[in-house]
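**Student:** Sharing a structure here in structure tokens format.
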């Protein structure tokens, strides 16, 4: 009988390799549940979960909501637009008001790094971080590694290149932590202006040439250019970015080996990834989305066993 | 004086007797299911799968063809999630056949409160609507049921106290014989 070493899923940084292994094993079982005629289990029927989204999201929110419903939890949804946050309510007040309605778990996305960590010090409910600013996005990293494990049997020893806007990406940071803990080799690749200055301190290789990165790796995790987070120009134009860092079928075919393409979505088609590459047999982008529900079910299930 | 707890282990079914029992259970199944053309066996995880495996071997030896056998995990359907100290770890479900309109024989090693069987019925229904469901257990602990559930095929009835435990040990690389034990924890002065 195993249990997670943490009460909240705030980031991959806090997890042990054993925690990740337990989440993967549990997700294997939930993946099987999702292949049944009736894709629902009653485990969390006495749990209420609030999805609190202070930032826009399609995939993550739908994925969490579906995971919660497949586990038979009661779900309430909150999004900042059209709420009292606009009237000046503080984060803690907003969440405490939600908790006063007897909510057991909070799934939260926030534009500020550390917002879920702050909450975890002040409230009793279990918190799952669904993305905090440019900091961490733990469930995305878990489902990415889970998808690599599914494709190759294991993550250890695999070479993974994370390509694109590393500076603004919470997916990149969480992925680096997860992949390193699972024993993969990690490389980050992007324009120098979009690489954090001390990123190599995390034990990752740094590469500026996307062709060299693709030639080195088994798996390329291509990130979106996050124009909404860029207050200044980091590169001259999108067209120039595509010219130097865009990945298309021609480039993939020019490598003398098979690599796997991943993308956390949403894709800017024709910018970081061309349509023929995104829809090719190299891509496991839709498998990632499918695995996302099983991973989130596993995380919620394991944390819910600790709800008082 | 220091209190010490001693564990008493009493053999209730020996290796030889267990083999006879399995032989009898296999024949009882054949009596009701004849050629198993519309019958399947589901062993309950984690411990019922070993008995299901043994029965499958016995049936195969008698009938000369394999009977469809699967493993059903009930973890996510249990009613004691979050009510017990240790969290439950899930096991694999392996059902490579349709159970719709089939006769399903659920197999578990020990029938105690009946709650596992209740969870198993729930878990099974997620795969389809069986024509008929039966329950086979090796050991039926009498007068301990929390739910109105009874087995159709029973290896042995055992009278036991709630403080006691029935342990079924199967032959394995580190264990030379099949045995069933009744374990009692005694508090001695």
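Here the Cβ of each residue, glycine as well, is placed from N, Cα and C on the backbone.
Just lifted these from TrEMBL, have a look:
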BINDING   A:59, A:60, A:109, A:137, A:140, A:265, A:266  carbamoyl phosphate binding site
BINDING   A:87, A:170, A:224  L-aspartate binding site
DOMAIN    A:7-150  domain 'Aspartate/ornithine carbamoyltransferase carbamoyl-P binding'
DOMAIN    A:157-303  domain 'Aspartate/ornithine carbamoyltransferase Asp/Orn-binding'
**Student:** What whole-number Å value do you get for the CA-CA distance of residue A:109 (carbamoyl phosphate binding site) and residue A:170 (L-aspartate binding site)?
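**Tutor:** Checking the Cα atoms of residue A:109 (carbamoyl phosphate binding site) and residue A:170 (L-aspartate binding site) gives a distance of 12 Å.
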**Student:** Can you tell which of A:265, A:266 has the most other C-beta atoms within 10 Å, given these are the binding-site residues?
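**Tutor:** By the 10 Å Cβ neighbour count, A:265 comes out on top.
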**Student:** What subset of the binding-site residues A:59, A:60, A:137, A:140, A:265, A:266 lies within 10 angstroms of residue A:170 (L-aspartate binding site) at the C-alpha level?
**Tutor:** A:137, A:140
**Student:** Inside 10 Å of the Cβ of residue A:224 (L-aspartate binding site), count up the other Cβ atoms and send me the figure.
**Tutor:** 19
**Student:** Around the C-beta of residue A:109 (carbamoyl phosphate binding site), how many further C-beta atoms are within 10 angstroms, looking at every protein chain?
**Tutor:** 26
**Student:** Taking DSSP states H, G and I as helix and E and B as strand, how many residues of the domain 'Aspartate/ornithine carbamoyltransferase carbamoyl-P binding' (A:7-150) are helix, strand and coil?
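**Tutor:** Split into helix, strand and coil, the domain 'Aspartate/ornithine carbamoyltransferase carbamoyl-P binding' (A:7-150) gives 64 helix, 27 strand, 53 coil.
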**Student:** List the helix, strand and coil residue totals of the domain 'Aspartate/ornithine carbamoyltransferase Asp/Orn-binding' (A:157-303) as derived from DSSP.
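**Tutor:** Result for the domain 'Aspartate/ornithine carbamoyltransferase Asp/Orn-binding' (A:157-303), in helix, strand, coil order: 66 helix, 24 strand, 57 coil.
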**Student:** Quick one: which of these binding-site residues, A:59, A:60, A:266, have their CA within 10 A of residue A:224 (L-aspartate binding site)?
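**Tutor:** Of everything listed, what lies within 10 Å of residue A:224 (L-aspartate binding site) (Cα to Cα) is A:266.
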**Student:** Measure between the Cα atoms of every pair in A:87, A:170, A:224, the residues the record assigns to L-aspartate, and report the largest value in Å, rounded to a whole number.
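**Tutor:** In whole numbers, the farthest two Cα atoms are 32 Å apart.
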**Student:** Just name the most isolated of the binding-site residues A:59, A:87, A:137, A:170, going by other Cβ atoms within 10 Å of its Cβ.
**Tutor:** A:87
**Student:** For the carbamoyl phosphate site (A:59, A:60, A:109, A:137, A:140, A:265, A:266), what does the 8 A shell look like? I mean other same-chain residues with CB within 8 A of the CB centroid.
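**Tutor:** Counting only non-site residues, the set is A:57, A:58, A:63, A:130, A:131, A:171, A:264.
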**Student:** Please compute the mean pLDDT of the model over the domain 'Aspartate/ornithine carbamoyltransferase Asp/Orn-binding' (A:157-303).
**Tutor:** 93
**Student:** What's the CA to CA span in angstrom from residue A:59 (carbamoyl phosphate binding site) over to residue A:87 (L-aspartate binding site)?
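**Tutor:** Residue A:59 (carbamoyl phosphate binding site) to residue A:87 (L-aspartate binding site), Cα-Cα distance: 28 Å.
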**Student:** Cα-Cα, whole number of Å: residue A:140 (carbamoyl phosphate binding site) versus residue A:87 (L-aspartate binding site)?
**Tutor:** 32
**Student:** If you measure every Cα to Cα pair among A:59, A:60, A:109, A:137, A:140, A:265, A:266, the residues listed for carbamoyl phosphate, what is the largest value in Å?
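**Tutor:** Result: 16 Å between the two most distant Cα atoms.
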**Student:** Between residue A:60 (carbamoyl phosphate binding site) and residue A:87 (L-aspartate binding site), find the distance joining the two CA atoms and give it rounded to the nearest Å.
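**Tutor:** Cα-Cα, rounded: 26 Å.
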